[in-house]
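See structure below.
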Amino acid sequence: MDELPILPTTVIGSYPRPKWLREAIRLHKAGKISDEDLQEAFDDAVVTVLHDHEIAGVDVPTDGEMRRDEMVEFFAERLAGFKFYGPVRVWGTNYYRKPSVVSKVEYIKPMLVDEFLFAKSVSYTENLKITITGPYTIAEWSYNEYYKSKKDLAFDLAKVINSEMKKLVEAGAKIIQVDEPAIHTHKNEVEWAIEAVNESIKGINVKVVMHVCYGEYSYLEPYLDKLNVDQINLALKNYNYEPVKLFKKWDREIGVGVIDVHNKRIETPEEVANDLKMLLDYFKPEMIWVNPDCGLKLLPRKIAFQKLLNMVKGTKIVREELKNKGYNSTSLKPLVNR
């Protein structure tokens with residue numbers, strides 16, 4: 001299907017793991033259950049997540065990234081050139097397995113195709129989104145012990161990510177999201193970081209989204225016209241929508257974050273509807289996709305589900321008003337020739 005309802009609803013990627021999956025992972029690490037049993041638990045979790053998304057009414061779901069611990073670690077474990085020395089403290093008592101690049105980064109084999117095909121086989125819709133961490137974020141969140149510069153590393157990463165994306169398209173992916181939460185970390189690197197993203201999506205003839213969450217959006221604004229994605233996806237609710245004014249000249253699709261993922265307070269449908277009506281003062285209806293600010297994995301599952309449910313309910317309020325004005329659907333086709 002090449003069309004979605006006006007104001008399509010989606011998720012960013014991650015979703016809370018069910019408690020029983022977390023227990024299965026613990027038991028597997030302790031050697032108490034087999035690899036086969038763990039894979040069955042992952043499969044069951046994906047079915048559960050897609051069921052939650054279906055009941056909530058999400059138009060474009062994901063598999064919740066059930067098989068991924070972290071967004072950089074997952075890919076570093078599956079590419080040549082990376083090594084892990086041990087956990088690094090990020091903040092407080094939170095630790096992260098930060099990878100080190102010790103040799104040339106190279107593509108070995110598909111990393112996401114199997115998980116995409118399984119999710120596709122159990123999904124309630126063919127409009128399933130698959131997410132992949134972008135080249136700049138992997139480079140920024142890794143130790144570089146091999147390349148002359150972070151830029152050189154990012155462009156090699158772009159090549160391997162491009163190889164993976166092409167495999168996903170061959171497998172039937174219709175929507176691919178590049179996650180670049182770090183892209184606006186350093187003002188003087190944004191221009192070439194966007195070039196690296198463009199390199200990673202070259203030749204990808206399906207809808208491509210770039211998700212950018214919390215940070216300095218003003219660093220991105222001067223280079224938006226150089227970005228070759230069909231949609232840019234932003235965290236806005238947590239910022240009280242202040243960054244919106246920076247994207248007034250953006251003329252493609254925009255994913256608007258209307259759910260705060262760092263707050264357990266559940267937004268009401270009316271609140272979501274009012275926020276969307278305000279955003280329609282900035283963007284045409286056919287440009288807007290509706291989503292949470294970021295991934296939902298850190299929230300309790302019941303709260304994450306209720307937030308999604310109310311997001312969809314609020315969107316439907318505005319959708320009905322738009323239908324009365326002649327707006328019915330949004331195209332799923334890519335907007336940019338890459």
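Each Cβ is built from the backbone N, Cα and C atoms, and glycine gets one as well.
Note on His211 (Zn(2+) binding site): other Cβ atoms within 10 Å of its Cβ, all shown chains, come to 27. What Swiss-Prot lists as Zn(2+) binding site is His211, Cys213, Cys294.
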Fewest other Cβ within 10 angstroms of its own Cβ, chosen from the binding-site residues Cys213, Cys294:
Cys213
With H, G and I counted as helix, E and B as strand and the rest as coil, say where DSSP puts His211 (Zn(2+) binding site).
strand
